[in-house]
Every structure is written in structure tokens, then in C-alpha cells.
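Here the structure comes first, spelled out in C-alpha cells, and everything after it is commentary.
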């Protein structure tokens, strides 16, 4: 029977305790043999039994092994004892023992002791031993393990001053650690590369791998590729992994996947890191086809249950929007670790399957899988999106029930939840409890307040952020939210200051920041400033075009909006539903039916997805162009009807005199479970107004207040006065005005003035006109209305006086106008105008129509 040599030594070591004669060689051999087998505690016990009887028996070669055992067990007590023996024996300057002591103290968590050992060794009388690179490497590595990077780099530089020539390990730990921590500059990295070349250290594959990683961290992918090409032996899978992950992390996903295929074709034995790196590239590029191929390779390699690979597969399918495939991967995993659950919850959350994410979270708890901070942050984000305040608050409570570390991600998610749900006190409590308020935290609070329409509070928080920490530089997300807050408040002056600060930092070039600036100037009535921002941005981005098209529509420049849309098409940029919706608003304001129908057809031909907003815009366009039947067809085919959809159709029927259908649609809306708002009732009262349904209008007005608790605004009151006035109920209209809980504005008195003139009520007409003239003394149309009223009542002197006063003030009435589109041409007609080139034909038609109406009146 054959015995291994170290087994013989072990038996000797164990038996020598009982022997009367102690053999130092046997004990040393036994200790080293035990340590080689990993039986560290037995080795230390064996050492302690004999150290007291004779401290001089231990060999100089045994101490490094003993210190290795102390490091493995992190046993500081034994380590100090052995250190004492080393000092007594005078071997503390031995480079092997010094290295072992430094490593032991670092492993046991006492860096200061390691520094004392190293300093004593490096300052020893033996100048030759102080140049041993192994000890320096241990000390540099120790500094880095304790994240004391400045001291580590200082030690490396001191080593060079001492004339110690770094080896491949020295350079690799400096390069890899400093790159990882971001405390390394490109110039320093290239200097180290040059040092390697000059000293023929470029043959070490481990060091070259660290160099490749360094260049990728610097964003120098070409330099990384050059180093990779120079390596002759490419059999090491770690090298391939660094390249695959590096290109993927640099956004060069195609090269990352090409390298994956190259490694596979060169028979490199791929490991889990290879697959996770390649799947990461597929996730970034949303390359589901290649991702499926890698999935097949994973199954062939038997890694389909590897937690890291499975997590990457779930992430890849999630980023590609393939939630079904992610569910399949998840269900096939036998041992579902927390990382797997988290990846599936994140997949649901990222793809707007919020309720599925919450269901899976509940299932996790049923399976007694304890969530971590990553789980809870995703769950809270889902609650925020779904508006589930109470559920989110219950999840927040779990942070207090169990010792889950509250990360900045969780705190930011909670800030967004509470801010979005309008729970400002809770949001501020979370914010104040944060030890470190980073950019994400400030951004979450500001963004949440903006989404909830609390723009003043958002700007105050932004000001507090600048006062709290000057070193924080707002990112594009925060500046977008701040600009949106300025737009919501129409705070032009502050918005200009924000714009100026963004020009200095270069953030204005960001597409979302630029679009928010366009929106700001649009809402402040400065389309020319919005255009300047637009022209400074990339013309290839759809968001910028949409913002500018919407800006022109909002500022009553529909023709410019339509022209800009056509320019966008001519530059090869295909519109989305937002573009179509914005330009439809412009077309609606011009009542250009042909353009509207043409755009509708274009949308259908290109297969642009029609969301609710787009369909609402189409309904609005057809209603305003007088084609309510087209609007009705779109309405009936809509599966999801928003409140705006119902309001548009009710308004459409009412504006075309079909009050009965409008009222019927209102009943249908209530049956569908949609609650009306103030706009709904305004449309209904307006419908009754157009059709002369006085009692129905009065009932709806009372119904709005009593049954739905909606307080009427000035438009509701104006429509009611107009309804009563048109029906000739002038005294009731005047009593209605006097009973209003708010002071009547000019629109109310204008309605009463028009009705007074129609029904020849001079007294109320004069009263209304006087009220109007006090409110708007420069309004010429009021003078004209009152002059006409005087003339019709035979009060010519009063009319002449008022006409003289009007001329004295230089006032005149803007003539009303109407237009009609015929053969793709818009014909405009002004009240009292006769400048049309076809005026003769027009007057002939008008005379014939008048004769026909007179004849029909006589016949009836």
C-alpha cells in the first residue's frame, strides 16, 4: 500500500506529543502537513503544545505556514503569540515572515498592526531585504482591502523611490483596484502601461487583463482591443469575459456579442460570467434573437439553474419586453434564490405589469422568502405607478418590522410614492430621515411634487437643495422637473434664470431638458424663444419636434404648427401618436376638414398606434369641422373611453343643435360608470342653450350642485344667463346674476346685453352696458351694442352722444369673421365686408336664399 508523504508527517506530528523524545524536524513537518490539508486549528494546537517547552525549535519555514493558518481562521490571539516568537527569534525582518505577518493582520482586520510590521521591516538595517517586492505587494494590497486608496498609492510610489522594481502582481492590483474605485486618471494608466512595456512585463496575462479592464473603465475601447490583440495565448476565459463585459458596458453591444461567438468558435470553455456578460449586451441592445441563442447555449452547458445566469436571462427578456419568456425562465428554476425573485419582480415592474409584480411579492411572502431592499424598492415603485398609497405604506412598515437596510433606492421610491399621492408630510418625513441626501433623493422629491401639480413646493425644494449642499450639481432629470414647475406656474423670470444656468453646464442640449424649456416658453406665450431652443437641439429627436408643434398650437399659430409637421415629414422623421395629436389640435382650430381627413388617412396607412388621446383629438377635429357623424363612428369603435371622450361627444352633439342625443349620451355615460366633471355639465348646459331647452338646462345646473357637489364656475353661470336671455327670460336672468355667490365678470354682462338688445329691453341693456364699460372701458364692441340698442329704441340723441365718445377715444369694433373650406381653399368673410372677388355671385345666392325663406314662411 502506498502512503502520501504528508500523511506520514501528520501521524508523526500527532504521535510525537506522547514521545519522550521531541524531534523538532518531525513537529515542523507535521505542522506544515496539517496546514497543507487545511486542518489549521490542529496545526496551531500542535504548535502551542511545544512552543512553551522550547521556543527555538520552530523552523523559519514553519512560521509563514502558522501565520497562514491564523489568517484562515482570523485568529488574532494565536497570530500575536506567533509574532512574539518571531521577534524573540530575531526573524521579523525575514521577507517571507514579514509578508505573512502583514497578510495575517490585514485578514484579521487590524491594518495598523500590519503597517507597524511593514514600517519596521522597511526601515531595518538590511537594505537588501527592504527591496523585496513581495512584502510591498502585501502592504499595498492591505491598504486597498481597507479602501485606503490614497495610502495604497502612496506606498506604491514609495516602493518606486526605494528602487524596488514592481512585478506583474504589483501593477495588476494597483490598476484593477484603482480603476474599480474610479480614483485613477487616464495619464497614470497609460504611464503604467508604458512602464510595463519598458520593463518587459507585458507578457503576464493577468496584468494584461487588468490593463484591458482599465482601458474599458476609461472609455478607451480601442486601446483595450489593441492590448487584447497583442496577447498570443487567448485560452484564458477570464480574458474573454473582460472583453465581452467591457464592450457591453461601453455600449458597443455588437462587438461584445461578436467576441462571445468568437470565444465559442475557438472552443474557449465559457463560464457563467461569459453568459451574463453577453446577456447584458443583449439587454442593452434589446437583441432578443441573440438572447434566445445564448439561452440555448446556457441550457446545453447545464447552467440553466445558475442564479447569476438566470438573473441575466430574466433581465434580458425584461428589457426586450418579453415578459412571457421571462415567466418561463422563472418557472423552470428549481432553486429560486432571492436574486431570482427580485429579477422577476423587476421584470414585471419595468414592463408596467404592476399588479403582477405585487402578486409575485405576495407569493414570495407565502413561500417565506424574505425580501431585501431591491425587492421593496421595486414594489414601492409599482405602488407609486398604480397610486396604491395604503399598500405602499404597508410595505414601508416592513422596514421597521425587520432589519432591512434602507437604501437610497428605497428612500427615493418612497419619496416618489408619497409625493405622487399628495402625501407631502410623509414625503418630507422620509426625506428628513435620510442621512445622506444624494441627487436621486432631491430629484425624487422635486419630481413627485411636480407630478402632483405642486410647483411652488417643488421650486422651494430646489432652492433648499442649492442651499444645503453647493457641491451637488443638478442633473438633467432635476432640471427637467424644475423647468416643468416654472412652466406650470408660468414663472418666466425664474425660468430664464434656470435656462441660463443650464446653458453654462451644457444641460440645455439634453433632449428632455430642451423639450421642457420649449414647453415653458410655450405656456408663457413666447413661441419665438421656444423656436430658439428648438433650433439649438438635434433635429432627429421626435420629442423636440412634438414639443414645438404643440407650442405653435397652444399659441394660436395653427398654420405654423401644420407647416412644422410637414417639415418634419420632409426630413424623413416619422411621426408618432403625440405628433399626430398635436397637429390635429392645430387643424381643429382652423376647421380644415380636408387636412384633418388627410392626416387621419395618413395615420391609418402608416399603422400609427391610436391611443385614447389621438382618438379624442380626431373626435374633436371632426366635431369642430361640422362632421359629427365621423366623430360618432370613432367614438363607437373605441374600447376605452376616457372622461374627455364622453365630454367631447356631448359637446359635439350640443354644438350642432342635437341636445336630445347629448342628454341621452350623458345617461349612457353614467351607466358606464364614468363620473361627470365640471366640463361635462358645461357641455350639457351649452347643448340646452343651443337648442332652447330652458327647463332641462336649469335642472342640469341644480343637478350638478346637489347630486355631484360640483361648484359652478364663471362659464357655467354665463351659459345659464345666455340660456335664460335667449329664451326672453331677462328678469329671471338678471335675478340669477344678482343671486350668484361670486361677482359677475364681463362675460355675464355681455350675455345679458346681447339678450336685452335681441328682446328690446333698453333698461337692462343700459344696465349691462354700464357694468361692462366700468370693467372694460376700452372695449369698442360694448359701445356698438349700446348704440344699436339706442337706435332700435328710438333714442337717437343718446346714440349720437355715445358714438361721439367712441370716436373721441379712438375705439372701433373688430369685425366678426367666418370661413369655409372649398376645394382645399379657405374662404374668409368679414362682417360688413364686400372685398371678395366673387361678391356679386355671393349676393345673388344670398338674395335667392332670402326669397326662398320668405316663401317658406308664407307657406307655413
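Even glycines carry a Cβ here, placed using N, Cα and C.
Feature annotation from Swiss-Prot assigns repeat 'PPR 7' to 271-305. Annotated repeat 'PPR 8' per Swiss-Prot: 306-340, in sequence order. What Swiss-Prot lists as repeat 'PPR 10' is 372-406. According to Swiss-Prot, the feature repeat 'PPR 12' maps to 438-472. The repeat 'PPR 13' annotation in Swiss-Prot covers 475-509. Among the features that Swiss-Prot reports, repeat 'PPR 14' is placed at 510-540. If you look up Swiss-Prot, you'll see 541-575 marked as repeat 'PPR 15'. Per Swiss-Prot, the feature repeat 'PPR 16' maps to 576-610. Taken from Swiss-Prot, the feature repeat 'PPR 17' applies to 611-641. Annotation source Swiss-Prot lists repeat 'PPR 18' at 642-676. Residues or ranges marked as repeat 'PPR 19' by Swiss-Prot: 677-707. What Swiss-Prot records for 713-743 is repeat 'PPR 20'. Summarising the annotation, Swiss-Prot assigns region 'Type E motif' to 748-823. Per Swiss-Prot, region 'Type E(+) motif' is recorded for 824-854.
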Chain residues in Cβ proximity to the repeat 'PPR 15' (541-575) (below 8 Å; excluding those fewer than six residues from its ends, i.e. six or more beyond): 511-512, 514-515, 518-519, 521-523, 525, 527, 530-531, 534, 582-583, 585-587, 589-590, 595, 606, 608
Chain residues outside the repeat 'PPR 19' (677-707) and at least six past its termini with a C-beta under 8 angstroms from it: 643, 646-647, 650-651, 653-655, 657-660, 662-663, 666, 669, 713, 715-716, 719-720, 722-724, 726-727, 729
Helix-strand-coil residue split for the repeat 'PPR 13' (475-509), DSSP-based: 31 helix, 0 strand, 4 coil
Other parts of the chain folded back onto the repeat 'PPR 20' (713-743), taken as Cβ under 8 Å at six or more residues beyond its ends: 678, 681-682, 685-686, 688-689, 692, 694, 697-698, 701, 704, 749, 751-752, 754-756, 758-759, 761, 764, 767
Long-range environment of the repeat 'PPR 16' (576-610) - Cβ separation under 8 angstroms, sequence gap at least 6: 542, 545-546, 549-550, 552-553, 556, 558-559, 561-562, 565, 568, 617-618, 620-622, 624-627, 819, 821, 824, 826
The repeat 'PPR 12' (438-472), counted residue by residue under DSSP: helix, strand, coil: 27 helix, 0 strand, 8 coil
